[in-house]
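*Asks:* Structure incoming, see below.
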């Protein structure tokens, strides 16, 4: 008989954002006259910019002509995009990443999910709490986590991110092999200094560990002293893989383009202690399981690196960060403590009560959708909610007025 991967039975309920969508749909069915403002899932609300659309259109036109048609492209991505990424996102900040260390994909979610496939089932993993659920769930599926008990999986080393440590976790007190970090952080919006990030790199070097660094929100950093890439830290190219996306800075949530950086100096080890190139392993996995991002989408992504494209992306970021400022200011007035909103589009708010209860209250009384912190971590996330700045200024103002009334 055909049998299942029983690790899937260890997963907790449904995926967080699917659960939220179901609750919202039920509320709207029961209250069709009420307008709902969604500040939960981090989906952008503005259209693609003129430079991106122009490049997209031109590439689509090329696909209609036999002489300029593009069929299967290089699985790792076209050189024109990889070179633009290397020059603008890394070399311009003193990081020595080169084009062939970049793997273009259709989303950071896929990459952060799939990267764990190249590591052994016995790998000891450290994951922040709270955390983007994908990091944890994919390791549950792979059988690395053990059973779930008292709000946590038995074999995971949890890195608590709390008010006491400014939502930047401390180094683990036990030896781990694989470390997930995300800055600016999702969900908390917290950031890390270069000195703070160096401590993690030094730990990884000393323990022959690897850091998986999710930098999907780096474009929202307003403080020039903060690192945008882990490769700004000396030695990180030997112990870190970085993930980035065009989803938020360029509005590609529905277009789908991202990339992963695997430096050639980055190594992992077999059971006998022999080193192996993670670049070679990821390339093998990538080429086996992925056929590449479409040519028009890669041309659209490359347009974000033109002078016009950069200016347009900055305008998008400024638009959402202005919204974040409004959210934070409103909760200052209400007396709710929070983190984020300064270098991140997310505001992590202490709701002073159970996360799901606060979620239900805001939905029923204010018609506003947030994300309950417990969905990111039942221990350190419960009691908080995440509000996203991805919406129009008009809706943000309206939502804040409703929240103020509901909490009065």
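We number each residue from 1, going along the chain as drawn.
The backbone N, Cα and C atoms fix where each Cβ goes, and this holds for glycine too.
For reference, Swiss-Prot lists these features for the protein:
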BINDING   15, 42, 109, 132, 186, 291, 386  substrate binding site
BINDING   72, 108, 109, 132, 186, 217, 245, 246, 247, 256, 291  pyridoxal 5'-phosphate binding site
MOD_RES   248  N6-(pyridoxal phosphate)lysine
*Asks:* With every protein chain in view, how many other Cβ atoms are within 10 Å of the Cβ of residue 386 (substrate binding site)?
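*Replies:* I get 27 for this one.
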*Asks:* For the recorded positions listed here (109, 248), which one has the lowest count of neighbouring CB atoms within 10 Å of its own CB?
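*Replies:* Each of the recorded positions 109, 248 was scored by Cβ atoms within 10 Å; lowest is 109.
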*Asks:* Out of 15, 42, 245, which has the highest number of nearby Cβ atoms, where nearby means within 10 Å of its Cβ, if these are the binding-site residues?
*Replies:* 245
*Asks:* Cα distance, residue 245 (pyridoxal 5'-phosphate binding site) to residue 132 (substrate binding site), nearest Å?
*Replies:* 15
*Asks:* Going along the chain, which residues six or more apart from residue 186 (substrate binding site) have their CB under 8 A from its CB?
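*Replies:* The answer is 42, 132, 214, 216, 217, 344, 346.
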*Asks:* For a quick check of packing: other C-beta atoms within 10 Å of the C-beta of residue 291 (substrate binding site), how many?
*Replies:* 10
*Asks:* What is the total of other Cβ atoms whose distance to the Cβ of residue 72 (pyridoxal 5'-phosphate binding site) is within 10 Å?
*Replies:* 8
*Asks:* For residue 245 (pyridoxal 5'-phosphate binding site), which of the listed binding-site residues (109, 291, 386) have their CA atom within 10 A of its CA?
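*Replies:* Hits: 109.
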*Asks:* What number of additional C-beta atoms lies within 10 angstroms of the C-beta atom of residue 132 (substrate binding site)?
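*Replies:* Total other Cβ atoms inside 10 Å, all chains included: 22.
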*Asks:* Could you list the residues of the same chain, at least six apart in sequence, whose Cβ is under 8 A from the Cβ of residue 247 (pyridoxal 5'-phosphate binding site)?
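*Replies:* The list for residue 247 (pyridoxal 5'-phosphate binding site) reads 44, 107, 108, 216, 253, 256, 258, given in order along the sequence.
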*Asks:* Rounded to whole angstrom, what's the largest C-alpha distance between any two of 72, 108, 109, 132, 186, 217, 245, 246, 247, 256, 291, listed as binding pyridoxal 5'-phosphate?
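*Replies:* Greatest Cα-Cα span of the listed binding residues: 34 Å.
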*Asks:* Would you kindly give the Cα-Cα distance separating residue 109 (substrate binding site) and the residue listed as 'N6-(pyridoxal phosphate)lysine', rounded to the nearest Å?
*Replies:* 13
